[in-house]
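S.K.: Right, I'll just put the structure down here and ask away after.
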Amino acid sequence: MARYVRFLLLLLCLILVGECRRHKSRKKRWSTPPTEIHKLGNPLSKKVADGTKTRKVKTSHLLRIDDHDFTLRPAFAGPAVPVGVDVQVESLDSISEVDMDFTMTLYLRHYWKDERLAFPSTTNKSMTFDGRLVKKIWVPDVFFVHSKRSFIHDTTTDNIMLRVFPDGHVLYSLRVTVTAACNMDFSRFPLDSQTCTLELESYAYTDEDLMLYWKSGDESLSTDDKISLSQFLIQKFHTTSRLAFYSSTGWYNRLYINFTLRRHIFFFLLQTYFPATLMVMLSWVSFWIDRRAVPARVSLGITTVLTMSTIITGVNASMPRVSYIKAVDIYLWVSFVFVFLSVLEYAAVNYLTTVRDGKERKLREKAAEQSQNLPCTCGMSHARTMMLDGTYSEADTNSLAGYTRASMMAEDASEKQERMVVHLSLDSESTAGTKKKGIRGFRIIQNTHAIDTYSRMIFPGAYILFNLIYWCVYC
C-alpha cells in the first residue's frame, strides 16, 4: 500500500513538471517581437551589423581628450601656432550717427592644427561637433577690439560648429552679432563718406604664441550682394592686418575689416534742403507787399524765421553734439540769415516811412501857419505857390532847382511879395532837417519803396550765388 502511494506521488510530480515546462515555452514564444519572429523564420533576411553602432566609443576616448591638458595652446613652449581667419558678413544691420557705432552680423571662422586631436580613420573623413565640445578643448581667444556689445546666436541652439579632421586640423565657426565703435567725421554731413573698421585680436596670446592672419588674403572676406542700408551705399569691403602694441603686455596680431559707406543725399534734399530753400523764397514775398500792410509783412517774416528755427533744431536732434561746423549747418544758418534780413529790411522800410510821414506832417502844419500871415498870392505861378500847402511832387521840385537867394535879390521891386513867399518856403524846407545837397538825395527820402525794389533783385541774386558756391564745394 505504501508503495502504491509513493508511485502516485511520483507520477503527479512528473505531470506537474511537464506542465511547467510547457507553460514556459508557450510564454517565451508569445513574448518574442514580430521582427525577431520574422528574422527567425527567414534566415536570409539577416543584415550585416553596423560597426559604428556596435562600437560604443566615446568622443573623448576617440580624440583622447582626457590624455592631454587643453588649457595649454598647441605646441606649447614652441613656435607660435598659426590661426587662419575668414569672415562672411551676413548683414550690416544699422549705422548710428548719434552713438557713432555700427552693428554687424557675421560668420567668424578659425583654422588651426592641434595634433592632440588627431584620430585614426580609414575613410579620412572629418567629425563635426556642436558647441559642447568647445569647452573641453583649446580654441583661439579672439575678441573684437572697440566693441560695445556682442553675442553668439543661440536659436535654437548655440550657433557654434567644430569640425575635426583626422590629421588634427580644426575648423571652428560661430555666428556673431557685434556692435562696434566707428569714428565718424561729420564736417561734410550729409554729403559725406564714412569708413568704419571692425578689428579682431587675440586677448591673451602675443605674436610669440599665436599668429593671427587672414587665411586667403583679400578673399578671406566675403559679403552678401543683398546687403543694403537705407541711408548709405556700401562702396567697398577690404581687409588689412598689422601689429598692435600695448606697453604692459607686448605685441599682438590684429586683423581689420574695413568698409566704406557713402550717404544717400536724396533723403536730406527732401527733408532739409528743399524746405529751407522754400522758406527763404517765401520770405521774399514780403518785398511785393505794400509797405503800409504791417500785419501781413510782420506775420510772414516771423513765420519764416520760426520755421527755419524748427528745421535747424530737427536736424541737430538726430546728430551728435560735435564741436565743429557741418556742411548742413552752413546751408541752414545762411538760409536763416537771409530770412532774418528780410525781416530787418521791412523794419528799415517801415521806420523810414514813418519818419518821412512825420516830417511831411510837420511841414504842412508849419506852412499852414505861415500862409495865414502872408499877403494874397493870387496870380502867382504854380511853381512859386506850391510850397505853401506843404505837398511836393517831382516836377515841383525840379521847378525850384533854379531858385537861389542871390537870384531873388536881383528881381524887380514889383515882384517883392512873390520873392518873399518863395524865400520863406525855402527857409521852412531847410529847417525841416533834410540838409541834402542836390535833388537826388531829396528823391531817395521821398521814395522809401525803392528799398523794396532793390531787395527784389539783391536777395535772390545773393542766394543763388551762395547755392552755386555751396554745391560746387561739397559735391
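Glycine is treated like the rest: Cβ placed from N, Cα and C.
All annotation found in TrEMBL is predicted automatically rather than curated by experts.
Quick caveat, the model's predicted, so the values are computed rather than measured.
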S.K.: When you get a sec, could you say which of 67-87, 88-108, 298-318 is annotated transmembrane segment by TrEMBL?
M.R.: 298-318
S.K.: Over the domain 'Neurotransmitter-gated ion-channel ligand-binding' (65-264), work out the mean pLDDT and round it to an integer.
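M.R.: Mean model confidence (pLDDT) across the domain 'Neurotransmitter-gated ion-channel ligand-binding' (65-264) is 93.
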S.K.: Could you tell me what the rest of the chain brings near the transmembrane segment (330-352), counting residues at least six beyond its ends with Cβ under 8 Å?
M.R.: 272-273, 276-277, 279-280, 283-284, 286-287, 291, 294, 297-298, 301-302, 304-305, 308-309, 311-312, 315, 445, 448-449, 451-452, 455, 459, 462-463, 466, 470
